[in-house]
Structure formats: structure tokens, C-alpha cells
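Peer 1: Next up is a structure, given as C-alpha cells.
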Amino acid sequence: MKKTLNIFSINRWYYRLSLSQKKAVWGIVFLLPWLLGFLLFFLKPLIESIYYSFNKVKVIEGGVQTEFIGWENYIRAFKIDPIFNRLVITMVISALPQVLVIIIFSIIAAILINGKYPGRSLARTIFFIPIIMGTEIASTTLVGTDLVSQELVGGRGIEAFSSRIILDVLIHTGLPTEIVGFVSGALNNIFFVLANSGVPTLIFLAGLQTISPSLYEVAKIEGASAHETFWKVTLPMLSPMILVSTVYSIIDRFFKHATMIDGIRYGMIDRIYDIAFRQANYGLGAAMATVYMLVTVFIVLIVSLLISKVVFYYD
Amino acid sequence: MAPFKVSTVSLEKKQNLRIKYKRAPNAFIKFFTNTRSNRSVWGNILLVAFLTFLAFLFLFPVIFMVNNAFKPLHELLKFPPDIIVRTPTLNNFLELRVIFQDSVIPLSRYIFNTVFILVIGTAGQIIFASMAAYPLAKYKFFGSEVISRIIVLSLMFSPVVTAVPNYVIISKLGLIDTYWAIILPAFAATLGLYLMKNFMEQIPSSLIEAASIDGASEFVIFWRVIMPSVKPAWITLFIVSFQTMWGVTGDMYIYKENLKTFSYALGQIARVGIARQGVMAAVSLIMFLIPTITFIIAQSNVIETMTTSGLKE
């Protein structure tokens, strides 16, 4: 008896809400499972690690021991660490043009593999290959585990592998080293774009597939040329996806950023990992990660503000 | 009169010839691109040539990889390497089988672990991300703006540094040495939510209103209206998520040997060194093939359904 009463009271409570309140209730119900996981596995670690960046951290049995030291970790990251500030600067400077090229290339690639022609699933698979090639095991087999070959080509996965083979061939032909260097540099860039445009291409492809065919029919009836159809129909309908892909690419680029300093290759994430775990200076590592995040947030904020000016949304 | 007539004939002939010349390659190109034929012929030929070049660049490492898996050891160690295998053998795969027969944990156990993590992790990630994305994209309620901002923000933090706090939480929850140590954090991944949210924002609100006027409950709207119309988005999410979950080794949270994943086992085998070069080639082929096959299946699924339903007005 008591139980049924309870259900009725919940029912009554629900029906007394206004429409927007009902929607809010449903919104929270839908959001809740994900939000719980997010708070537990992401937000809490994130805040903790920002907190650790202001502390001297010692990992002891069953937890960590902290000692507050203020901004010292940040000052060390910029003033004493010889690598970190250069990594941050090269990261920002090199990523932006790269992202621009990656986005343009992946829009073109997505449009090309979206057409209707025999064997297009083969074409799509071919364009998907770089994503798999970027994974750890595939890249170690291709490039080889020896440090010499990794340093020689300065890359991982498909880009490194392909340019290494071509480098071998070119050196054997006996061409002057300047020409070999130039050609392999250019090829490296091509492979670089190819290897990084996998996920953006997939996003654009999915975006293209949600555009209604009737829009193209209308454009055709109105006599629009292919050129006009692209600029007036395809691109505006794709523009939200351009925002998504750009944000993704910037983050991805920053995450994979690596550069040569004094003949040694340093990666952004590797450096943070190195400091935090191998040198056991967790506080400094956390400070670097926080700086890295703030830089990323700043860049993404500017870029997405610029892009969202031209993004076209339905209603 | 005469010169005029002659000139018209020759003009017609010329035009016919031009049409013939123009159409022949275009029919060929049209077969490949299905674009309207008002693009110039040479433009099309250039395009196909460029695409073939790109496809070759992409395929080149794959051909090398497939061939590598069938090479005997002396061919693998050759420098400079041959692309095509000379004396193909199955030895590399047989050796891999022997290694697994010798190991304490049977191969089937590793495969079961990976499949369990893959299926639950990927399905859960898609469902929870879509469920959370729907209200964030289509409703306005207290806190929805803030949550959207935090999601984008959290995409930008390096997961390397949250490793220690993450470990502490997972061990406090008692999830160390269980599958859930890998699966539960995957549920909360933000990239999927961000992707789904951006696709759902493009669904016209009138569609949702129409459904609710017809008496659909919120859950029915989500499951029968929203999810089918963003199918390309969640197939994309499926592909990306499958790819990451397939590569998960879980060596941070799982220490019991019988709970480790297939890719961890393969990675351990391959890491031994130069003597196992052949096994390593076989391993990398397996690591490569399975996501590729999944991708092909998933993509063909998109093709079949999405060509008919563009839901944007």
C-alpha cells in the first residue's frame, strides 16, 4: 500500500512540472550514466592532477604525499627545464599550418570517396589504412625497433616507413645528398598529411552522408553548377563538421607533437611521461601537462571562435 | 552558296568528332566518379591519376606487411628489403601457434578477454555517449552549457598525467584485475560524446517536436528518431572506438596473466627481439587485419542505409 502511494506521488510530481522542466528531468536522466563515469574517471583525476602541479608529490604506499610549494613547478618547467619551453613554442607554430592542410585534404578525400562508383568500399578501406598504421605494433614492425632508423626518418608508422624505403632507393641511385634530402623531405610531408587525415576524413564522410539528397536535386533543378553546389550546399552543410575536425586535429597534432632539439627527438607527451614517471617528479610533470592543456585550450578557443562565425546550423 | 555549305559540313563533322573525343574518356571516368560530365576530360583524368597515386602510397606499406608475414627469416633480415616475398612460407604463423601452445594461458583465453572488452566497451561507449549527447545537443537546461564546455576542455588534457589519480580511483573502487578497469573509463570517453553531440545538433528540432506531438516518449524519440538519423555518426564512433579498444593492453590495471588481452599477448611475443622477427611480422599482420575487416563491414552497412535517408531538411 505504501509503495503504490509512493509511485503515485512521483507521478503527480512529474505531471505538475512544466514542459521545459520535464525536458530537463529527461535530460538529466539521459546524461546521468555518462556523467557519473566522467566525474569519476575524468574530472576528478584532472582536478587532482592540477592540484598536484602546485605540490611536491611523493608516491608512497597506498597513495601520495603532497607538500605545497606554490608556483615552483611552473617556474621550473619554463626556466630550468631545457626542453619544455621550446617544445611548447614549436608545437604551436608547426601545428596550425599542418592542421589547415589536413582539413582541406580530408574534405577533398571525403567528397571523393563519398561518390557512387563500383569499388568505393575498397577506396574507403584504403583511406582508412593510415589510422591502423598509426598504432604502436604496426609502426614498430614497419619502422623497426632500432633507434638508428627511427632517428633517420624522424617519424612513426606509415610516414616513417614509406619515406625510409624511398630514402633507401634514392641513396642507392647516387644522387647528390641535397636532392635526396629535398625529395625525402617533401615526401615526408605528403605522408604526414595522409597519415593524419584518417579520422577527419571519417568525420567528414559521416557528415556528407547526413546531407539530404533532395538538396542536391533542388540545386540541380535550379541549374547550379558543380562548383556552385559545392560552395553553396556541401560546404555550409559540412561546416559543423569542419569545426569538429579542426578541434580534433589540433588536439591530435598537439598530442603527437615531437621535434628535433640538438639532434635528439623529443615528444611532448613522452617528455611529460619521462619527467613524471621515469624521473619520478610527478608534480613537475603535472605542471607541464597543465601548461600543455592551457595552451591547447587557448588555441582551440581562438580557432573555434573564428570557425563558428561561419558555421551554419539548422534552426 | 557552295563554300557556305562545305563549311557547315566540316563544322558538323568537327563537332561530331569533338563530341566523340570528349565522350569516350568521360564515359570511362563517369564509371569511376559518377560526377556530372561538365568537368573537363583532362581534369577527370588528372583526378583519377592523383587518386591512384594516393591509393598506391596508402597500399604500399600494406603490401609490404602482407609479404613480410610470409617471408622466411633470411629474407626478413635482408637489407635493403625486398617488397615481394620470394619463397613464401607459413612458418611464421606456425611458430606463433607453437608459442601459444607452450604458454600457460591458452590462446582462446586471451581472445575471450579481448572480445569481452571490445564488445561491452564499444557498445557501452556508443550508447552512453549518444544518450548523453542527445540532451546536450537538443535541450537547454540548467548546467547544460557548462557541461558542454567542460567536455571540450577535457578533450585537451593529456591522459598521461591523469594516470596516477586514475590508478588511485580504480584501485579504491576495487577494479584492479578486472575487465571493468578498462571498460568503465572507456564508457566515459569524451571524444565520442563530442562527435555525437555535433551530429545531433544538426537534426531539425521540428522532427523531435513532430515525434512528441505524435505521442512518442523521450526514450522512444531517442531510440527511434534520433539514433537512426545519426547512424553515420555512431558507425564512425564504432570504428574509432573499436580501433582503440582493440589496441588496449591494459597493463596498468591488469596484472593477472589470465585476464590480459590478446593484443597484450601478441605485443609481448613480438617484443622479444631479432630472433622472433618472423613471428613479429605475422603478429603485425593479424593486428592490422582485424580492425580492417571490421571497418569494411561497418562501412558497407553505412552505405546500404544512409543513401536513402538524409534527414536534414
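Each Cβ is built from the backbone N, Cα and C atoms, and glycine gets one as well.
Annotations in TrEMBL come from automatic prediction, not curation.
The shown structure was predicted, so the numbers you read here are calculated from the model rather than taken from an experiment.
Per TrEMBL, the feature domain 'ABC transmembrane type-1' maps to B:111-298. The annotation transmembrane segment is assigned in TrEMBL to B:45-66, B:110-134, B:146-170, B:176-195, B:232-254, B:274-298.
Where in this structure would I find these features, and how exposed are they?
Peer 2: Long-range neighbours of the transmembrane segment (B:110-134) within the same chain, counting only residues 6 or more positions beyond its ends whose Cβ lies under 8 Å from a Cβ of the stretch, are 179, 182-183, 186-189, 192-193, 195-197, 200, 222, 226-227, 230, 234, 237-238, 241-242, 245-246, 248, 250, 259-265.
Beyond the transmembrane segment (B:146-170), the same-chain residues lying 6 or more positions past its ends with a Cβ under 8 Å from any Cβ of the stretch are 136, 176, 181, 185, 190-191, 193-194, 197, 252-253.
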Peer 1: Cβ pairs under 8 Å only, please: of the recorded stretches B:45-66, B:176-195, B:274-298, which one is richest in them relative to the transmembrane segment (B:232-254)?
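Peer 2: If we count Cβ pairs closer than 8 Å to the transmembrane segment (B:232-254), B:176-195 scores highest.
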